[in-house]
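Quick look at what TrEMBL annotates:
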BINDING   86, 88, 256, 331  Fe(3+) binding site
BINDING   86, 88, 256, 331  Zn(2+) binding site
BINDING   95, 158, 191, 259, 336  4-imidazolone-5-propanoate binding site
BINDING   158, 333, 335  N-formimidoyl-L-glutamate binding site
DOMAIN    77-419  domain 'Amidohydrolase-related'
Ligand SMILES: N=CN[C@@H](CCC(=O)O)C(=O)O
Ligand SMILES: [Zn+2]
């Protein structure tokens, strides 16, 4: 990168995790190949990284250039901005009333079958005005940013009519345009079968394919299409139809697969070469193999299995061993995972999925970036990439999942601008 001046030099970084390495999602042992540089620095110009590495090398690289601002990282940990590749950010209402049901042992799918769960959020989202949805989504995105997320995927799927789906997607667009964090939009009209289509899911699938997808495409409101492939929701065949149609229209494909029952969702993700498959708690080895062959990234959501009190977790170790790239996400939503904190997910990734801190940071940076089609611009601190980075009140990577339940973020830099300082929003 040829630049006239350096806008910001972050120096005296005690532990710099750049995630530099080969392009592409990381799988197998490459998920652990994370260098911990002592005495690091990052030079930034025009919102992009000029150099990131040992401080001496970075200073040599920018010799002779005017440096507009220097920021002393005080010997602390710096990573690329975290990427949250799976959220249901825009929604109305909340579902704390489900806690009592959950404690009585009523399952997630039973609550949904009784017209609660996702369908109760659908009612609240339809009732809410765009302004209300906008303010609520912004508040959550602020929290995500405070916890280190600089890019976030956001799904629709609480409208389930053409107009209400478009409403959610318009809100996501407005939030993206007015908030420093970047949002990547996914259309998920096939999140549940709406109540007025009960027993007629085929008709609803037709509506998604023939009316919703083309209109979302026409208005350019989403990059990806996602389907909840699960018993009592959408079958593998229905999911195949929706995703095939979406692919033909130019959407990237994602799938909520094998969350509760082994349905063959992972296999379908491989067959359709989806960019990612999500949840995967019940996915089979055969499913993992097809995902590997299809180049699908596994997005694991350990806060969801924790919050649903599920006895099993996604088999991240097996996927890593089999060569499937793993990403991690909050799955922020008002039902199965009401948390914006990727740092909580770090702890659950380590303790429940048995991933190492190195694998966890790979899963929340470069692999998460590839899971939303942004691997060439974010996810690592490399010359030419967007200058998104986080300074933590922590000495090293393992400290983040180890000291759990609190926010370690001190500073967030987004596209070269400081947007969180001293743990407070400053944008
Ligand atoms: N599993 C399906 N969808 C969401 C939950 C949505 C909700 O419960 O409101 C998920 O990814 O966990
Ligand atoms: Zn989800």
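Glycine too: its Cβ is placed from the backbone N, Cα and C atoms.
Note: TrEMBL annotation is automatic and uncurated.
Here the features listed in TrEMBL are painted onto the structure.
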residue	record	Cβ neighbours (10 Å)
86	Fe(3+) binding site	30
88	Fe(3+) binding site	27
95	4-imidazolone-5-propanoate binding site	21
158	4-imidazolone-5-propanoate binding site	30
191	4-imidazolone-5-propanoate binding site	26
256	Fe(3+) binding site	27
259	4-imidazolone-5-propanoate binding site	27
331	Fe(3+) binding site	28
333	N-formimidoyl-L-glutamate binding site	24
336	4-imidazolone-5-propanoate binding site	23
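Selection of the binding-site residues 86, 95, 158, 336 by a Cβ distance under 6 Å from ligand 1 yields, in sequence order, 336. With a cut-off of under 6 Å between the Cβ and any atom of ligand 2, the binding-site residues 158, 191, 259, 331, 335, 336 reduce to 331. Sitting within 8 Å of the Cβ centre of 86, 88, 256, 331, and not among those site residues for Zn(2+), are the Cβ atoms of 87, 155, 226, 278, 279, 299, 301, 304, 329, 332, 333, 337. Each residue contributes its Cα atom, and for residue 191 (4-imidazolone-5-propanoate binding site) and residue 333 (N-formimidoyl-L-glutamate binding site) these two points are 12 Å apart.
Residues near residue 335 (N-formimidoyl-L-glutamate binding site) in space but far in sequence (CB under 8 A, at least 6 apart, same chain), listed by position: 95, 98, 108, 117, 118, 121. Taking Cα separation as the measure, residue 88 (Fe(3+) binding site) is nearest to 333 of the binding-site residues 158, 259, 333. Rounded to the nearest whole angstrom, the C-alpha distance between residue 259 (4-imidazolone-5-propanoate binding site) and residue 331 (Fe(3+) binding site) is 12. When the alpha carbons of residue 86 (Fe(3+) binding site) and residue 333 (N-formimidoyl-L-glutamate binding site) are compared, the span between them is 10 angstrom. A Cβ within 8 Å of the Cβ centre of 158, 333, 335, the residues given for N-formimidoyl-L-glutamate, is found for these other residues of the same chain: 88, 91, 95, 117, 118, 121, 157, 334, 336. Each residue contributes its Cα atom, and for residue 331 (Fe(3+) binding site) and residue 158 (4-imidazolone-5-propanoate binding site) those atoms are 14 Å apart.
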